[in-house]
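What Swiss-Prot annotates here:
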ACT_SITE  175  active site, proton acceptor
BINDING   35, 36, 37, 38, 224  substrate binding site
BINDING   125, 126, 127, 128, 129, 130, 131  ATP binding site
BINDING   131, 163  Mg(2+) binding site
SITE      29  site 'Transition state stabilizer'
């Protein structure tokens, strides 16, 4: 993160002519298990990762907000808080910030303007929640600058609202919640219905390895919407609000009444919720063989019942699995149809995993994987100014 801090503080001083008073960060995340359960009111188990979005900021006496995006060639934007905050079709990066600030105002928070320089190293388009990190870091920045009486959970909800209503992208609450509330060396078990969270300690000797398949993700939106509709149709058959409320026994008893594809989709969600709760327990106990079993079952369910994996992802999972055996776990993570694989491995195995992927993945798929070796880090907050 030190390079990011250097970038934002130097750029701030150069472009604004004075030093920033606050440095704030919010992390990206990876979901360890619990896929496509969020919109079914289920459980997820993400952790925050040590790839962050960082802001250098200072209060203003007036109501101007001046923005600089280091990662977009120091592109700038500015607006007045007393005027209507409008969507900018030509500056997508700025809309996440505008949306967060607009939603804070609508929630009744009062503050003046700010000078803000932002930069991040969360890989974009890899499904590691660079957008949620940006939304959360902006909410956190105004909290820190103006001592706003806002909880971390509300910062997360405010970010989700900005993405849904202002940016116009439908997302669950997981990404913002883990970015706002993550704890170092812990995963977070999140109940997507009650929004209750529980920090789950991770074994000390564990690396979180994220492997981007670099398979271009096609069909994501249309297939995602289809899966949501199928899950809603299944819930309707059972007369419940969401698949969270259906047991496997109930599904089996009514299977004949369901469309076979809908039944498969429902089976994934119901079993994935169970697996996520069991995985949290295995993590607490440091039971790697059990965690590995659950992650393998999760991947098989996404492949066979939810049908969201692709050949490249399955290949990547098989390569990693062959290296780690029962001493860790690996599965696809994220929406599907490409994207990333997450592996929980002993630090001593990281090099062997990297080597196996380098040797076999490109040969099998024609693609090179990008590998990020991470650890579970803390959620959004102030970075001490050195």
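In case you wondered, yes, glycine gets a Cβ from its N, Cα and C as well.
Residue 129 (ATP binding site) and residue 38 (substrate binding site) have their C-alpha atoms 15 Å apart, to the nearest angstrom.
Each residue in 34, 39, 40, 42, 44, 172, 227, 269, 272, 335 lies on the same chain as 35, 36, 37, 38, 224 and has a C-beta within 8 Å of the C-beta centroid of that substrate site, without being one of the site residues. Looking only at Cα atoms, residue 29 (site 'Transition state stabilizer') sits nearest to 128 among the binding-site residues 38, 125, 127, 128, 163. Of all the binding-site residues given, namely 125, 127, the one with the smallest number of surrounding CB atoms inside 10 A is 125. Comparing Cβ neighbour counts within 10 Å across the binding-site residues 37, 129, 130, 131, the minimum falls on 130. Ranking the binding-site residues 126, 128 by other CB atoms within 10 A of the CB puts 126 at the bottom. Taking Cα separation as the measure, residue 35 (substrate binding site) is nearest to 175 of the recorded positions 125, 126, 130, 131, 175. The two recorded residues, residue 224 (substrate binding site) and residue 125 (ATP binding site), show a Cα separation of 16 Å. Around the Cβ of residue 36 (substrate binding site), the same chain contributes 227, 231, 268, 269, 272, 302, 306, 308, 335, 336, each under 8 angstroms and 6 or more positions distant in sequence. Sequence-distant contacts of residue 38 (substrate binding site), defined by Cβ-Cβ distance under 8 angstroms and a gap of at least six in the same chain, are 44, 172, 173, 174, 192.
Site extent for substrate: among the recorded binding residues 35, 36, 37, 38, 224, the largest C-alpha separation is 12 Å.
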